[in-house]
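If you look up Swiss-Prot, you'll see 1-44 marked as region 'Transcription activation (acidic)'. The feature region 'Interaction with CCAR2' is assigned by Swiss-Prot to 1-320. Here Swiss-Prot flags 24, 291, 292, 351, 357 as ubiquitin cross-link, drawing on similarity to another entry. Residues or ranges marked as phosphoserine in Swiss-Prot: 33, 37, 183 (among others). Residues or ranges marked as phosphothreonine by Swiss-Prot: 55, 284 (among others). Annotation source Swiss-Prot lists N6-lactoyllysine at 139 (among others), citing similarity to another entry. The Zn(2+) binding site annotation in Swiss-Prot covers 176, 179, 238, 242, and the record cites similarity to another entry as its basis. Annotation source Swiss-Prot lists region 'Interaction with HIPK2' at 319-360, citing similarity to another entry. Annotation source Swiss-Prot lists omega-N-methylarginine at 333, citing similarity to another entry. Annotated symmetric dimethylarginine per Swiss-Prot: 335, 337, in sequence order. Taken from Swiss-Prot, the feature compositional bias 'Basic residues' applies to 365-384. If you look up Swiss-Prot, you'll see 370 (among others) marked as N6-methyllysine, on the strength of similarity to another entry. Under the heading N6,N6-dimethyllysine, Swiss-Prot lists 370 (among others). Taken from Swiss-Prot, the feature N6-acetyllysine applies to 382 (among others), supported by similarity to another entry. As annotated by Swiss-Prot, SUMO cross-link applies to 386.
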C-alpha cells in the first residue's frame, strides 16, 4: 500500500524543538517577577499569632484585622443559603361566627322558594322538610323575600355563606383554587367569592376586614305591582365536592335584612348543596330523612335485650278471617265441565296446603286427591259430585 503524501502547507505538530524556538521569542525581561521578600514576610503569620488563631474563634472585631493582614487576598464569596420553603397556604380563619338563628323582626322578614320537583332536568330545587336548597354550579337560584311591612328606605339584603358543622364554622367559605382561576367573572365579583347575584348592577361584594368573611349586598327593593314578594337570583360558583374548597362540607346561607346603618332588621338561613343532579340528591336525602324520622324504641334502663315495640295505634287490628270449613255439593252437567271444576278444586286445595292455611285433615285429603284422579273420600270430609247426562232434564 502506498503511504499518503503529506501536504506541505500543513505545519507539523508541536514538539520539543518547536517549543524551544517559541521560548527564544519571549522578551529578555521576565514577565513573572518574584515578589519582594518584604511583601512575603508581611503575608506570613508569626507562630504566636498562628497559635492564637487556631485556639480562638475570630470575633466580629477581628475580621478587619484579618483583612489588613492579607490585603492581597480576595474575599471568598459566601455560599448562597438555601431558600426556606414557602409555608403551605392555610385556610383563613374568622374571628367571629355569625348567628344563624331565625329572626323575623318587627317587619316579619322571611324567605320563600319556588315549588319544584325532583326531576333529573331540574337545576334548582328546595326541600321544605330539610330546609335545604339543591342547585347546580352557576345556575339561577331564586330566593323570595317576604315582609309584613315595608322596611325603611336604604335597607339592604346581605347573603353570606358559613360552614354548618361546628368544627368548621371559623373557616371562611370560598371557592376552590380551580374555580378561582376560571374565566367566568362578570367584572364585579371577586374570583374567590362563592355567592353572586345575577342581574343586579347595584350589587356590592364585601370582604370584612375583621372577620375576613365574604358577603354580597343588594339594596332592598319593594315588590312590584301585582306581586307580594321580592325575588333575588343567586348563583353558587363552586361545587360542594370540590377539593380545596368546600370539600363535601355542608354550608348554610344566611340572608339578613339590614338598614342603611347596618343594623339587623331580620335574619333567616337555609342549607345549600351544589351538585350535578339536584333532583336526585334531594330525593335521596329526603328518603334518608324519613327513615331516620321513624320512631325507634329505647331500651329500659338496665336492660340488655331489645325491647318489644309497643303498639300505640288505637285502631283495632283486623282479625284473620277463619278458614271456611263448610262443604257444598255442586251438580255439574257434562263430563268436560266436571273435569275442569275438579282440577280447579284440587289446585285450590293444594295452594291452601302449601300456604299452611289448611288443617292437617284437609292437607291429607288434597294429597289423596292429587294421587287419585277420581272421586275420593277422606276421614274428615267427603266431596260429592253428581254427573248428569244430556237427557237428565
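A Cβ is built for glycine as well, from the same backbone N, Cα and C atoms used for every other residue.
A map of Swiss-Prot features onto the structure.
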residue: 24; record: ubiquitin cross-link; contacts (Cβ under 8 Å, 6+ apart): none
residue: 183; record: phosphoserine; contacts (Cβ under 8 Å, 6+ apart): none
residue: 238; record: Zn(2+) binding site; contacts (Cβ under 8 Å, 6+ apart): 137, 175, 176, 179, 194, 245, 246, 274
residue: 242; record: Zn(2+) binding site; contacts (Cβ under 8 Å, 6+ apart): 175, 176, 178, 179
residue: 284; record: phosphothreonine; contacts (Cβ under 8 Å, 6+ apart): none
residue: 291; record: ubiquitin cross-link; contacts (Cβ under 8 Å, 6+ apart): none
residue: 292; record: ubiquitin cross-link; contacts (Cβ under 8 Å, 6+ apart): none
residue: 337; record: symmetric dimethylarginine; contacts (Cβ under 8 Å, 6+ apart): none
residue: 351; record: ubiquitin cross-link; contacts (Cβ under 8 Å, 6+ apart): none
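Ranked by how many other Cβ atoms sit within 10 Å of their Cβ, the recorded positions 139, 179, 333, 335 place 335 at the bottom. Looking at residue 335 (symmetric dimethylarginine) and residue 139 (N6-lactoyllysine), their Cα atoms lie 75 Å from each other. All chains included, 20 other C-beta atoms sit within 10 angstroms of the C-beta of residue 176 (Zn(2+) binding site). Recorded residues residue 139 (N6-lactoyllysine) and residue 333 (omega-N-methylarginine) have their alpha carbons 75 Å apart, per Cα-Cα distance. Sitting within 8 Å of the Cβ centre of 176, 179, 238, 242, and not among those site residues for Zn(2+), are the Cβ atoms of 175, 177, 178, 180, 237, 239, 244, 245, 246. Residue 333 (omega-N-methylarginine) falls within a strand segment according to DSSP. On the 0 to 100 pLDDT scale, the region 'Interaction with HIPK2' (319-360) averages 78 in the predicted structure. Annotation note: residue 242 (Zn(2+) binding site) sits in a coil segment as assigned by DSSP.
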